[in-house]
Amino acid sequence: VIHPFAEHIAYYALFSIPGLTTILTGTGSIISFAGYITYVDSMNNMGHCNFELIPNWFRTNYSLFMPIYDYIYGTLDKNSNTLYENSVKRNEESPNVVHLTHLTTPESIYHLRLGFAYLASKPYSSVWYLWLLWPVTLWFMVLTKIYRRTFVVERNRFDQIRLQTWAIPTYRGQYCLKRQKESINNMIEEAVLEAEEKGASALSLGLMNQASFSASSHNQYGEVYVKKHPQLKVKLVDGSSLAVAVLLNSIPKGTTQVLLRGNLTKVAFAVTFALCQKGIQDEYEKLDKSFGTKSEDNFSKSYSSCKVWLVGDDFTEEEQRKATEGTLFIPFSQFPPKKLRKDCFYHTTPAMQTPMALENVDSCENWLPRRVMSVWRIAGILHALEGWEEHECGYTMCNIDKVWEACLKHGFQPLRVPIQSKS
């Protein structure tokens, strides 16, 4: 065998790993050593015996890393060129449904499929060793500031529906900056028009993309883009109807009081109205609606007896500490509250378990468990599957019962409420 001396050392080091492993683990034997050496030497000799054991019709494309040698010595399979040319000519796959989201924290880049597979397959959380990657994280932050276009995060397929998740290169904190509002609005609008151009039937708005930054509150939840482009064929979906349906089915049966805390949103108003209108009197003797307008005295009386809280953004730590032991917190917002109480129960943000027919689910959606999808994303899929032709944005909502039945029909399942699973 003729090799450079350094390569000899590397070869012996690599080939001795199996033998040393059996010695260190106490499982070595004469038979294992003899079998291993016989196999390695046989394969090595076969590769260097100057005799081709492979039939003639396989004598092409020898080079794995340096295909230029196949060009030089005439062993390139010409079909490879044809295959490459055909793959280049293939049209880009157009999505039927687009879910528009954005980055949350600087470390969220490592939860993308192009990041670490270990992190991408677990609910979003920050671990200590990510601090060691801050130079890389900072570089990505600079890159996202320069590259001001959406990018594809994930591609999925459900039955005949092609799904894509697009992310805006913007972090959660930037949505609160006035100087960023116009830029973010423009990127959302460009994404809507791009989805329209690619023939998507529905575009769902995730996280903080739902709130446009218009001075008029009537232009929230994507309505501003519908008004600006009245001929849009792609339907904008904010998922509020399905969020309300999931919240209604998350409240344990037999509950007589529900306390609402946090910022009022479209979902908060709708779920309160639904609790009052959908025959709740049979199951709820009393519905305590707290919209932040009650006095602190009344609030103190409510939290002392109420065991089910619907909580949204700006749900304060002080309020959370006032809850009695065993309280169930059910978020109605896109972002979950910080878990401060070990003696209370915390449900996920509105989400459902996906059916196994949903393909290529390789990463978690933010802080949700594996194969659990937010209702705002599911709503866009339902729009495409059912062929619904109306926008669900602004203050427009779909029929809650119709949306819930369609969701179950297509295999999405509600999540178990923590207090129920523990009992």
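Numbering starts at 1 and runs along the chain as it is shown here.
Positions of Cβ are set from backbone N, Cα and C atoms, glycine also.
Residues annotated as domain 'Very-long-chain aldehyde decarbonylase CER1-like C-terminal' in TrEMBL: 258-414.
Long-range Cβ contacts of the transmembrane segment (12-37) within its own chain (Cβ-Cβ under 8 Å, at least 6 residues beyond either end) are absent. According to TrEMBL, the feature transmembrane segment maps to 12-37 (among others).
Taken from TrEMBL, the feature transmembrane segment covers 128-147 (among others).
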Distal contacts, the transmembrane segment (128-147) - CB-CB under 8 A, six or more residues away:
103, 106-107, 109-110, 169-171
Averaged pLDDT, computed only over the residues in the domain 'Very-long-chain aldehyde decarbonylase CER1-like C-terminal' (258-414):
81
